[in-house]
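Asker: Structure provided below as C-alpha coordinates; questions to follow.
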Amino acid sequence: MDGTGNRNPPPTSTVGDNSPPPEPSPESLRHVSRMINSNHYTSPSRTIYSDRFIPSRSASKFALFDINTPTEGRDDSSSAYTTLLRTALFGPDVAGPVTPEKTDSPSMTLPNRNIFRYKTETRQSMHSLSPFMDDDFVPGINHSPVKAPRKVPRSPYKVLDAPALQDDFYLNLVDWSSHNVLAVGLGNCVYLWNACSSKVTKLCDLGVDDCVCSVGWAQRGTHLAVGTNNGKVQIWDAARCKKIRSMEGHRLRVGALAWSSSLLSSGGRDKNIYQRDIRTQEDFVSKLSGHKSEVCGLKWSYDNRELASGGNDNKLFVWNQHSTQPVLKYCEHTAAVKAIAWSPHLHGLLASGGGTADRCIRFWNTTTNSHLSCMDTGSQVCNLVWSKNVNELVSTHGYSQNQIIVWRYPTMSKLATLTGHTYRVLYLAISPDGQTIVTGAGDETLRFWNVFPSPKSQNTESEIGALSLGRTTIR
(Lines of atoms letter the chains of each structure in order from A and count residues from 1; the text may use other names and numbers.)
(Lines give C-alpha, C1' and ligand atoms only; values in the text may rest on other atoms or scores of the structure.)
Protein backbone atom coordinates (compact mmCIF):
# COMPACT_ATOMS: atom_id res chain seq x y z
CA MET A 1 0.00 0.00 0.00
CA ASP A 2 1.15 3.58 -0.69
CA GLY A 3 1.02 6.45 1.70
CA THR A 4 -2.60 7.28 0.83
CA GLY A 5 -3.83 3.89 1.93
CA ASN A 6 -4.51 2.58 -1.56
CA ARG A 7 -3.26 -0.76 -2.80
CA ASN A 8 -0.28 -0.69 -5.16
CA PRO A 9 -1.38 -1.02 -8.81
CA PRO A 10 -0.29 -4.20 -10.61
CA PRO A 11 2.99 -3.86 -12.45
CA THR A 12 2.73 -3.26 -16.17
CA SER A 13 5.03 -4.99 -18.63
CA THR A 14 7.36 -2.94 -20.75
CA VAL A 15 9.06 -3.57 -24.05
CA GLY A 16 12.29 -4.35 -22.34
CA ASP A 17 10.73 -6.78 -19.88
CA ASN A 18 12.24 -10.29 -20.32
CA SER A 19 9.82 -12.14 -18.07
CA PRO A 20 8.53 -15.43 -19.71
CA PRO A 21 4.95 -15.62 -20.94
CA PRO A 22 2.52 -17.64 -18.89
CA GLU A 23 2.61 -21.38 -19.64
CA PRO A 24 -0.40 -22.84 -21.50
CA SER A 25 -2.71 -25.04 -19.56
CA PRO A 26 -2.62 -28.84 -20.10
CA GLU A 27 -6.06 -28.71 -21.65
CA SER A 28 -4.81 -26.24 -24.29
CA LEU A 29 -1.85 -28.46 -25.09
CA ARG A 30 -4.09 -31.49 -25.61
CA HIS A 31 -6.35 -29.48 -27.89
CA VAL A 32 -3.40 -28.33 -30.03
CA SER A 33 -2.04 -31.87 -30.19
CA ARG A 34 -5.39 -33.18 -31.39
CA MET A 35 -5.52 -30.52 -34.10
CA ILE A 36 -2.00 -31.26 -35.35
CA ASN A 37 -2.28 -35.03 -35.34
CA SER A 38 -5.84 -35.32 -36.52
CA ASN A 39 -4.79 -36.68 -39.95
CA HIS A 40 -2.93 -39.60 -38.41
CA TYR A 41 -6.08 -41.02 -36.86
CA THR A 42 -8.30 -40.74 -39.90
CA SER A 43 -9.32 -43.95 -41.59
CA PRO A 44 -7.73 -44.11 -45.08
CA SER A 45 -10.91 -45.56 -46.55
CA ARG A 46 -13.35 -43.13 -44.93
CA THR A 47 -14.36 -39.77 -46.36
CA ILE A 48 -15.09 -37.11 -43.75
CA TYR A 49 -17.32 -34.19 -44.74
CA SER A 50 -17.23 -30.84 -42.93
CA ASP A 51 -19.80 -28.06 -42.82
CA ARG A 52 -20.86 -26.72 -46.20
CA PHE A 53 -19.38 -23.30 -45.34
CA ILE A 54 -16.49 -24.32 -43.11
CA PRO A 55 -13.53 -25.99 -44.91
CA SER A 56 -12.07 -29.20 -43.57
CA ARG A 57 -8.70 -28.33 -42.05
CA SER A 58 -7.84 -32.01 -41.67
CA ALA A 59 -7.18 -32.19 -45.41
CA SER A 60 -4.64 -29.37 -45.26
CA LYS A 61 -0.97 -29.82 -44.49
CA PHE A 62 0.29 -26.44 -43.34
CA ALA A 63 3.63 -27.85 -42.27
CA LEU A 64 4.39 -28.52 -45.94
CA PHE A 65 3.27 -25.10 -47.16
CA ASP A 66 6.75 -23.70 -47.61
CA ILE A 67 7.68 -26.44 -50.10
CA ASN A 68 6.45 -24.20 -52.89
CA THR A 69 7.50 -20.92 -51.29
CA PRO A 70 10.47 -19.23 -53.01
CA THR A 71 13.43 -18.79 -50.72
CA GLU A 72 16.49 -16.72 -51.41
CA GLY A 73 19.69 -18.68 -51.76
CA ARG A 74 17.92 -22.05 -51.91
CA ASP A 75 20.13 -24.78 -53.35
CA ASP A 76 18.68 -26.20 -56.57
CA SER A 77 20.79 -29.36 -56.53
CA SER A 78 17.83 -31.50 -55.49
CA SER A 79 15.46 -30.21 -58.16
CA ALA A 80 14.42 -33.70 -59.22
CA TYR A 81 13.40 -34.64 -55.70
CA THR A 82 11.67 -31.30 -55.23
CA THR A 83 9.71 -31.76 -58.44
CA LEU A 84 8.63 -35.24 -57.44
CA LEU A 85 7.61 -34.13 -53.97
CA ARG A 86 5.72 -31.14 -55.33
CA THR A 87 3.87 -33.37 -57.79
CA ALA A 88 2.93 -35.76 -55.02
CA LEU A 89 1.64 -32.93 -52.86
CA PHE A 90 -0.11 -30.64 -55.30
CA GLY A 91 -0.57 -32.64 -58.49
CA PRO A 92 1.08 -32.55 -61.92
CA ASP A 93 -0.64 -29.30 -62.96
CA VAL A 94 1.15 -27.11 -60.43
CA ALA A 95 3.97 -25.06 -61.88
CA GLY A 96 7.43 -25.35 -60.40
CA PRO A 97 8.71 -22.87 -57.80
CA VAL A 98 9.98 -19.62 -59.24
CA THR A 99 12.76 -17.50 -57.79
CA PRO A 100 12.75 -13.73 -57.40
CA GLU A 101 15.19 -13.52 -60.29
CA LYS A 102 12.57 -14.98 -62.61
CA THR A 103 9.60 -12.94 -61.42
CA ASP A 104 8.85 -10.43 -58.72
CA SER A 105 5.52 -11.93 -57.72
CA PRO A 106 5.59 -15.70 -57.37
CA SER A 107 2.25 -17.33 -57.94
CA MET A 108 0.80 -19.82 -55.54
CA THR A 109 -2.24 -20.62 -57.64
CA LEU A 110 -3.25 -24.27 -57.66
CA PRO A 111 -5.03 -24.85 -60.99
CA ASN A 112 -7.90 -27.31 -61.12
CA ARG A 113 -8.07 -27.39 -57.34
CA ASN A 114 -10.24 -25.55 -54.89
CA ILE A 115 -8.54 -23.43 -52.30
CA PHE A 116 -10.96 -24.72 -49.68
CA ARG A 117 -11.64 -28.43 -49.39
CA TYR A 118 -14.82 -29.68 -47.80
CA LYS A 119 -13.92 -33.38 -47.52
CA THR A 120 -10.84 -35.49 -46.96
CA GLU A 121 -9.30 -37.32 -49.90
CA THR A 122 -9.46 -41.10 -49.84
CA ARG A 123 -6.18 -42.85 -50.42
CA GLN A 124 -6.56 -45.28 -53.30
CA SER A 125 -3.85 -47.80 -52.40
CA MET A 126 -2.89 -49.05 -48.98
CA HIS A 127 0.53 -49.95 -50.41
CA SER A 128 1.22 -46.55 -51.94
CA LEU A 129 4.84 -45.45 -52.11
CA SER A 130 3.80 -41.84 -51.71
CA PRO A 131 2.65 -40.70 -48.25
CA PHE A 132 0.39 -38.07 -49.79
CA MET A 133 -1.46 -39.56 -52.73
CA ASP A 134 -1.87 -42.60 -54.95
CA ASP A 135 1.20 -43.58 -56.95
CA ASP A 136 -0.87 -43.79 -60.11
CA PHE A 137 -1.21 -40.00 -60.10
CA VAL A 138 2.47 -39.32 -59.57
CA PRO A 139 4.13 -39.23 -62.98
CA GLY A 140 7.57 -38.82 -61.45
CA ILE A 141 7.49 -42.28 -59.86
CA ASN A 142 8.78 -45.02 -62.13
CA HIS A 143 6.68 -48.15 -61.78
CA SER A 144 7.85 -51.62 -62.74
CA PRO A 145 6.83 -52.21 -66.34
CA VAL A 146 3.94 -54.60 -66.80
CA LYS A 147 5.15 -57.64 -68.70
CA ALA A 148 3.05 -58.18 -71.79
CA PRO A 149 1.71 -61.72 -72.16
CA ARG A 150 3.54 -63.83 -74.68
CA LYS A 151 1.67 -64.14 -77.95
CA VAL A 152 1.11 -67.66 -79.21
CA PRO A 153 0.28 -68.09 -82.91
CA ARG A 154 -3.30 -69.27 -83.22
CA SER A 155 -2.74 -71.25 -86.42
CA PRO A 156 -0.47 -74.24 -87.14
CA TYR A 157 2.53 -73.40 -89.29
CA LYS A 158 2.45 -76.82 -90.95
CA VAL A 159 -0.15 -79.52 -91.58
CA LEU A 160 0.61 -83.08 -92.67
CA ASP A 161 -1.91 -85.57 -94.00
CA ALA A 162 -1.90 -88.76 -91.93
CA PRO A 163 -4.17 -91.33 -93.63
CA ALA A 164 -5.44 -94.14 -91.41
CA LEU A 165 -4.51 -92.37 -88.17
CA GLN A 166 -6.81 -94.16 -85.74
CA ASP A 167 -9.41 -92.33 -83.66
CA ASP A 168 -8.85 -94.47 -80.54
CA PHE A 169 -8.46 -92.80 -77.14
CA TYR A 170 -6.38 -95.66 -75.68
CA LEU A 171 -3.58 -95.63 -78.28
CA ASN A 172 -0.36 -93.62 -78.46
CA LEU A 173 0.66 -93.33 -82.10
CA VAL A 174 2.91 -90.22 -82.25
CA ASP A 175 6.34 -89.59 -80.71
CA TRP A 176 9.19 -87.14 -81.43
CA SER A 177 12.81 -88.24 -81.02
CA SER A 178 15.79 -86.34 -79.65
CA HIS A 179 17.21 -86.49 -83.21
CA ASN A 180 14.24 -84.46 -84.47
CA VAL A 181 12.50 -87.36 -86.19
CA LEU A 182 8.76 -87.86 -85.83
CA ALA A 183 7.38 -91.41 -85.67
CA VAL A 184 3.73 -92.00 -86.59
CA GLY A 185 1.74 -95.21 -86.61
CA LEU A 186 -0.71 -95.31 -89.52
CA GLY A 187 -2.75 -98.47 -89.78
CA ASN A 188 -0.32 -101.39 -89.92
CA CYS A 189 2.71 -99.23 -90.82
CA VAL A 190 5.12 -96.91 -89.04
CA TYR A 191 6.47 -93.85 -90.83
CA LEU A 192 9.38 -91.60 -89.89
CA TRP A 193 9.32 -87.92 -90.80
CA ASN A 194 12.59 -86.00 -90.54
CA ALA A 195 11.77 -82.49 -89.31
CA CYS A 196 15.02 -81.05 -90.67
CA SER A 197 14.75 -82.36 -94.22
CA SER A 198 11.00 -83.18 -94.44
CA LYS A 199 12.00 -86.63 -95.68
CA VAL A 200 9.48 -89.42 -95.07
CA THR A 201 10.66 -92.99 -94.51
CA LYS A 202 8.55 -96.11 -94.13
CA LEU A 203 10.02 -97.99 -91.18
CA CYS A 204 7.89 -101.14 -91.07
CA ASP A 205 4.74 -102.89 -92.23
CA LEU A 206 3.11 -105.32 -89.79
CA GLY A 207 0.89 -106.94 -92.41
CA VAL A 208 -2.86 -107.22 -92.75
CA ASP A 209 -3.24 -109.36 -89.60
CA ASP A 210 -1.79 -106.75 -87.24
CA CYS A 211 -1.76 -102.99 -86.65
CA VAL A 212 0.29 -100.41 -84.76
CA CYS A 213 -1.05 -99.45 -81.32
CA SER A 214 1.84 -97.44 -79.87
CA VAL A 215 5.26 -96.01 -80.71
CA GLY A 216 7.98 -94.75 -78.38
CA TRP A 217 11.48 -93.41 -78.98
CA ALA A 218 14.40 -94.38 -76.77
CA GLN A 219 16.00 -91.38 -75.06
CA ARG A 220 19.02 -91.43 -77.36
CA GLY A 221 16.77 -91.24 -80.39
CA THR A 222 18.32 -94.20 -82.21
CA HIS A 223 15.81 -96.96 -81.46
CA LEU A 224 12.04 -97.03 -81.73
CA ALA A 225 9.71 -99.36 -79.84
CA VAL A 226 6.51 -100.42 -81.58
CA GLY A 227 3.56 -101.93 -79.71
CA THR A 228 1.25 -104.11 -81.78
CA ASN A 229 -2.34 -105.25 -81.64
CA ASN A 230 -1.16 -108.86 -81.23
CA GLY A 231 0.55 -108.06 -77.92
CA LYS A 232 4.15 -107.93 -79.16
CA VAL A 233 6.74 -105.20 -78.64
CA GLN A 234 9.25 -104.69 -81.45
CA ILE A 235 12.53 -102.78 -81.26
CA TRP A 236 13.70 -101.09 -84.47
CA ASP A 237 16.98 -99.45 -85.46
CA ALA A 238 15.71 -96.21 -87.02
CA ALA A 239 18.85 -95.38 -88.99
CA ARG A 240 19.01 -98.79 -90.71
CA CYS A 241 15.23 -99.41 -90.72
CA LYS A 242 15.96 -102.85 -89.27
CA LYS A 243 14.07 -104.78 -86.60
CA ILE A 244 16.40 -105.78 -83.77
CA ARG A 245 14.10 -107.98 -81.73
CA SER A 246 10.49 -108.80 -80.93
CA MET A 247 9.37 -109.38 -77.35
CA GLU A 248 6.26 -111.10 -76.04
CA GLY A 249 4.40 -111.09 -72.74
CA HIS A 250 1.11 -109.28 -73.33
CA ARG A 251 -1.91 -111.30 -74.38
CA LEU A 252 -3.71 -108.30 -75.89
CA ARG A 253 -2.77 -105.06 -77.62
CA VAL A 254 0.04 -102.85 -76.32
CA GLY A 255 -1.21 -99.26 -76.20
CA ALA A 256 1.42 -97.55 -74.02
CA LEU A 257 5.23 -97.46 -74.06
CA ALA A 258 7.81 -95.59 -71.95
CA TRP A 259 11.62 -95.68 -71.92
CA SER A 260 14.04 -95.28 -69.02
CA SER A 261 17.53 -95.61 -70.46
CA SER A 262 17.76 -99.28 -71.53
CA LEU A 263 14.60 -100.23 -69.65
CA LEU A 264 11.38 -100.29 -71.66
CA SER A 265 7.97 -100.36 -69.99
CA SER A 266 4.92 -101.54 -71.91
CA GLY A 267 1.28 -101.37 -70.85
CA GLY A 268 -1.48 -103.41 -72.44
CA ARG A 269 -5.13 -104.19 -72.61
CA ASP A 270 -4.46 -107.22 -70.42
CA LYS A 271 -4.10 -104.77 -67.45
CA ASN A 272 -0.41 -105.53 -66.98
CA ILE A 273 2.82 -103.56 -67.26
CA TYR A 274 5.99 -105.37 -68.32
CA GLN A 275 9.50 -104.10 -67.62
CA ARG A 276 11.92 -105.06 -70.38
CA ASP A 277 15.69 -104.63 -70.35
CA ILE A 278 16.74 -104.73 -73.99
CA ARG A 279 20.29 -105.71 -72.97
CA THR A 280 19.13 -109.09 -71.68
CA GLN A 281 17.85 -112.16 -73.48
CA GLU A 282 14.58 -112.33 -71.55
CA ASP A 283 11.46 -110.77 -72.98
CA PHE A 284 10.79 -109.02 -69.67
CA VAL A 285 12.44 -108.75 -66.28
CA SER A 286 9.36 -108.00 -64.16
CA LYS A 287 5.59 -107.80 -64.33
CA LEU A 288 3.64 -105.03 -62.62
CA SER A 289 0.06 -105.79 -61.68
CA GLY A 290 -2.39 -103.39 -60.11
CA HIS A 291 -4.72 -101.93 -62.73
CA LYS A 292 -8.17 -103.46 -63.15
CA SER A 293 -8.56 -102.37 -66.76
CA GLU A 294 -6.48 -101.45 -69.82
CA VAL A 295 -3.27 -99.50 -69.21
CA CYS A 296 -3.41 -96.49 -71.54
CA GLY A 297 -0.82 -94.08 -70.10
CA LEU A 298 2.83 -94.58 -69.09
CA LYS A 299 5.50 -92.00 -68.25
CA TRP A 300 8.89 -92.22 -66.52
CA SER A 301 10.01 -89.25 -64.42
CA TYR A 302 12.96 -87.19 -65.64
CA ASP A 303 15.29 -88.75 -63.08
CA ASN A 304 14.13 -92.24 -64.17
CA ARG A 305 13.21 -93.18 -60.61
CA GLU A 306 9.42 -93.23 -60.81
CA LEU A 307 6.99 -94.64 -63.35
CA ALA A 308 3.46 -93.24 -63.54
CA SER A 309 0.72 -95.36 -65.09
CA GLY A 310 -2.87 -94.52 -65.93
CA GLY A 311 -5.64 -96.94 -66.74
CA ASN A 312 -9.20 -97.29 -67.92
CA ASP A 313 -10.04 -98.13 -64.30
CA ASN A 314 -9.73 -94.38 -63.52
CA LYS A 315 -6.62 -95.01 -61.43
CA LEU A 316 -3.24 -93.31 -61.43
CA PHE A 317 -0.40 -95.39 -59.97
CA VAL A 318 3.23 -94.56 -59.25
CA TRP A 319 5.89 -97.29 -59.21
CA ASN A 320 9.59 -97.23 -58.42
CA GLN A 321 12.33 -99.12 -60.22
CA HIS A 322 12.20 -102.17 -57.97
CA SER A 323 8.55 -102.48 -56.96
CA THR A 324 6.06 -104.93 -58.42
CA GLN A 325 3.20 -103.17 -56.62
CA PRO A 326 2.38 -99.46 -56.87
CA VAL A 327 3.96 -97.35 -54.15
CA LEU A 328 1.38 -94.58 -54.63
CA LYS A 329 -2.26 -94.86 -55.66
CA TYR A 330 -4.45 -91.94 -56.70
CA CYS A 331 -8.14 -92.61 -57.22
CA GLU A 332 -9.62 -89.12 -57.55
CA HIS A 333 -10.23 -89.26 -61.32
CA THR A 334 -13.68 -90.41 -62.45
CA ALA A 335 -12.71 -91.46 -65.98
CA ALA A 336 -9.84 -93.14 -67.81
CA VAL A 337 -6.40 -91.63 -67.12
CA LYS A 338 -4.40 -91.48 -70.34
CA ALA A 339 -2.85 -88.00 -70.06
CA ILE A 340 0.24 -88.13 -67.81
CA ALA A 341 3.17 -85.69 -67.64
CA TRP A 342 6.06 -85.16 -65.22
CA SER A 343 7.31 -81.63 -64.61
CA PRO A 344 10.90 -81.01 -65.75
CA HIS A 345 11.13 -78.06 -63.35
CA LEU A 346 10.12 -79.52 -59.98
CA HIS A 347 11.04 -82.96 -58.70
CA GLY A 348 8.01 -85.12 -57.94
CA LEU A 349 5.44 -82.87 -59.63
CA LEU A 350 3.05 -85.00 -61.69
CA ALA A 351 0.10 -83.90 -63.82
CA SER A 352 -2.71 -86.20 -64.95
CA GLY A 353 -5.87 -85.75 -66.98
CA GLY A 354 -9.16 -87.63 -66.98
CA GLY A 355 -11.51 -88.65 -69.76
CA THR A 356 -14.98 -87.52 -70.74
CA ALA A 357 -16.69 -88.13 -67.40
CA ASP A 358 -13.86 -86.44 -65.47
CA ARG A 359 -12.52 -83.55 -67.61
CA CYS A 360 -10.04 -82.51 -64.92
CA ILE A 361 -6.30 -81.92 -64.81
CA ARG A 362 -4.92 -82.82 -61.40
CA PHE A 363 -1.50 -82.12 -59.93
CA TRP A 364 0.27 -84.38 -57.46
CA ASN A 365 3.40 -84.20 -55.34
CA THR A 366 4.75 -87.72 -55.32
CA THR A 367 7.48 -86.76 -52.85
CA THR A 368 4.95 -85.90 -50.14
CA ASN A 369 2.14 -88.08 -51.54
CA SER A 370 -0.25 -85.14 -51.72
CA HIS A 371 -2.90 -83.86 -54.11
CA LEU A 372 -1.98 -80.27 -54.99
CA SER A 373 -4.78 -78.89 -57.15
CA CYS A 374 -7.48 -79.66 -59.69
CA MET A 375 -8.60 -77.78 -62.80
CA ASP A 376 -11.88 -78.59 -64.55
CA THR A 377 -11.19 -78.07 -68.25
CA GLY A 378 -14.75 -78.66 -69.44
CA SER A 379 -13.88 -81.45 -71.88
CA GLN A 380 -12.10 -84.79 -72.21
CA VAL A 381 -8.37 -84.52 -71.47
CA CYS A 382 -6.54 -86.58 -74.10
CA ASN A 383 -2.89 -85.68 -73.54
CA LEU A 384 -0.52 -83.52 -71.52
CA VAL A 385 3.03 -82.29 -72.02
CA TRP A 386 5.21 -79.90 -70.01
CA SER A 387 7.49 -77.29 -71.53
CA LYS A 388 11.12 -77.70 -70.57
CA ASN A 389 11.83 -74.02 -71.40
CA VAL A 390 9.17 -72.33 -69.25
CA ASN A 391 6.86 -73.42 -66.44
CA GLU A 392 3.89 -74.06 -68.73
CA LEU A 393 2.08 -77.10 -70.06
CA VAL A 394 -0.18 -78.03 -72.96
CA SER A 395 -3.33 -80.12 -72.83
CA THR A 396 -5.29 -81.54 -75.77
CA HIS A 397 -9.00 -82.17 -75.61
CA GLY A 398 -11.97 -83.89 -77.18
CA TYR A 399 -15.62 -82.97 -77.55
CA SER A 400 -16.89 -80.37 -78.06
CA GLN A 401 -14.20 -77.96 -79.24
CA ASN A 402 -11.30 -80.38 -79.85
CA GLN A 403 -9.05 -77.63 -78.54
CA ILE A 404 -5.42 -77.32 -77.50
CA ILE A 405 -4.81 -75.20 -74.39
CA VAL A 406 -1.55 -73.65 -73.21
CA TRP A 407 -1.55 -73.18 -69.42
CA ARG A 408 0.66 -71.25 -67.04
CA TYR A 409 1.62 -73.16 -63.93
CA PRO A 410 0.84 -72.92 -61.04
CA THR A 411 -1.86 -70.29 -61.66
CA MET A 412 -3.42 -72.42 -64.42
CA SER A 413 -4.34 -69.32 -66.36
CA LYS A 414 -4.93 -69.88 -70.06
CA LEU A 415 -2.20 -68.44 -72.24
CA ALA A 416 -3.78 -69.59 -75.51
CA THR A 417 -6.53 -71.80 -76.88
CA LEU A 418 -5.80 -73.33 -80.29
CA THR A 419 -8.42 -74.87 -82.53
CA GLY A 420 -8.42 -76.45 -85.97
CA HIS A 421 -8.86 -80.18 -85.51
CA THR A 422 -12.32 -81.51 -86.33
CA TYR A 423 -11.89 -84.66 -84.22
CA ARG A 424 -10.68 -85.05 -80.64
CA VAL A 425 -6.96 -84.34 -80.33
CA LEU A 426 -5.72 -87.74 -79.17
CA TYR A 427 -1.99 -87.49 -79.94
CA LEU A 428 0.61 -85.02 -78.74
CA ALA A 429 4.40 -84.78 -78.86
CA ILE A 430 6.95 -82.02 -78.32
CA SER A 431 10.05 -81.19 -80.37
CA PRO A 432 13.53 -81.74 -78.88
CA ASP A 433 14.15 -77.99 -78.63
CA GLY A 434 10.97 -77.61 -76.59
CA GLN A 435 9.40 -74.94 -78.79
CA THR A 436 7.04 -76.86 -81.08
CA ILE A 437 4.28 -79.35 -80.46
CA VAL A 438 2.65 -81.69 -82.95
CA THR A 439 -0.94 -82.83 -82.51
CA GLY A 440 -2.78 -85.65 -84.22
CA ALA A 441 -6.47 -86.45 -84.44
CA GLY A 442 -9.00 -88.72 -86.07
CA ASP A 443 -9.39 -86.14 -88.83
CA GLU A 444 -6.20 -87.76 -90.21
CA THR A 445 -4.02 -84.68 -89.88
CA LEU A 446 -0.87 -83.79 -87.97
CA ARG A 447 -0.62 -80.11 -87.06
CA PHE A 448 2.53 -78.30 -85.93
CA TRP A 449 2.26 -75.35 -83.54
CA ASN A 450 4.85 -72.93 -82.16
CA VAL A 451 3.70 -72.52 -78.57
CA PHE A 452 6.77 -72.23 -76.31
CA PRO A 453 9.69 -69.77 -76.33
CA SER A 454 13.23 -70.81 -77.08
CA PRO A 455 15.55 -71.78 -74.23
CA LYS A 456 17.11 -68.73 -72.58
CA SER A 457 20.45 -70.48 -72.21
CA GLN A 458 21.06 -70.69 -75.93
CA ASN A 459 20.24 -68.59 -78.95
CA THR A 460 18.98 -71.19 -81.36
CA GLU A 461 16.79 -71.00 -84.38
CA SER A 462 14.08 -73.60 -84.47
CA GLU A 463 15.06 -76.37 -86.79
CA ILE A 464 11.43 -76.70 -87.67
CA GLY A 465 11.19 -73.08 -88.76
CA ALA A 466 12.98 -73.80 -92.02
CA LEU A 467 10.22 -76.14 -93.14
CA SER A 468 7.90 -75.04 -95.89
CA LEU A 469 4.43 -73.93 -94.97
CA GLY A 470 1.35 -75.56 -96.34
CA ARG A 471 -0.10 -79.02 -96.33
CA THR A 472 1.73 -82.15 -97.43
CA THR A 473 1.33 -85.86 -96.83
CA ILE A 474 3.38 -88.02 -94.51
CA ARG A 475 3.38 -90.95 -96.88
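Placed from the backbone N, Cα and C atoms, the Cβ positions cover glycine too.
Below, the features straight out of Swiss-Prot:
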REGION    1-29  region 'Disordered'
MOTIF     7-28  motif 'PEST motif'
MOD_RES   SER43  phosphoserine
MOD_RES   SER45  phosphoserine
MOTIF     51-57  motif 'C-box'
MOTIF     80-91  motif 'CSM motif'
MOD_RES   THR99  phosphothreonine
MOD_RES   SER144  phosphoserine
MOD_RES   SER155  phosphoserine
REPEAT    166-203  repeat 'WD 1'
REPEAT    207-246  repeat 'WD 2'
REPEAT    249-289  repeat 'WD 3'
REPEAT    290-329  repeat 'WD 4'
REPEAT    332-374  repeat 'WD 5'
REPEAT    376-417  repeat 'WD 6'
REPEAT    420-459  repeat 'WD 7'
MOD_RES   SER454  phosphoserine
Asker: What else in the chain is close to the repeat 'WD 6' (376-417), if you only count residues 6 or more beyond its ends and a Cβ gap under 8 Å?
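Answerer: Those are 149-150, 152, 154, 169, 335, 338-345, 351-356, 358-361, 363, 423-430, 434-435, 437, 439, 441, 449, 451-456, in sequence order.
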Asker: Counting only pairs 6 or more apart in sequence, are there at least 3 Cβ pairs under 8 Å between the repeat 'WD 5' (332-374) and the repeat 'WD 1' (166-203)?
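Answerer: Per Cβ check, the repeat 'WD 5' (332-374) touches the repeat 'WD 1' (166-203).
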Asker: Can you tell me which parts of the same chain pack against the repeat 'WD 4' (290-329), counting only residues 6+ beyond its ends and a CB-CB cutoff under 8 A?
Answerer: 169-170, 172, 255-261, 263, 265-269, 271-273, 335-342, 344, 347-348, 350, 352, 354, 358, 364, 366, 369
Asker: Going by a 10 angstroms cut-off between Cβ atoms, which of the modified residues SER155, SER454 has the sparsest surroundings?
Answerer: SER155
Asker: Average the per-residue pLDDT over the repeat 'WD 4' (290-329) and send me the rounded value.
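Answerer: It averages 97.
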Asker: If I take the alpha carbons of SER454 (phosphoserine) and SER155 (phosphoserine), what is the distance between them in whole Å?
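Answerer: A Cα-Cα distance of 19 Å.
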Asker: Just to be sure I understand, if DSSP states are collapsed into helix, strand and coil, how many residues of the repeat 'WD 6' (376-417) fall in each?
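Answerer: Residue counts for the repeat 'WD 6' (376-417) by secondary structure: 0 helix, 22 strand, 20 coil.
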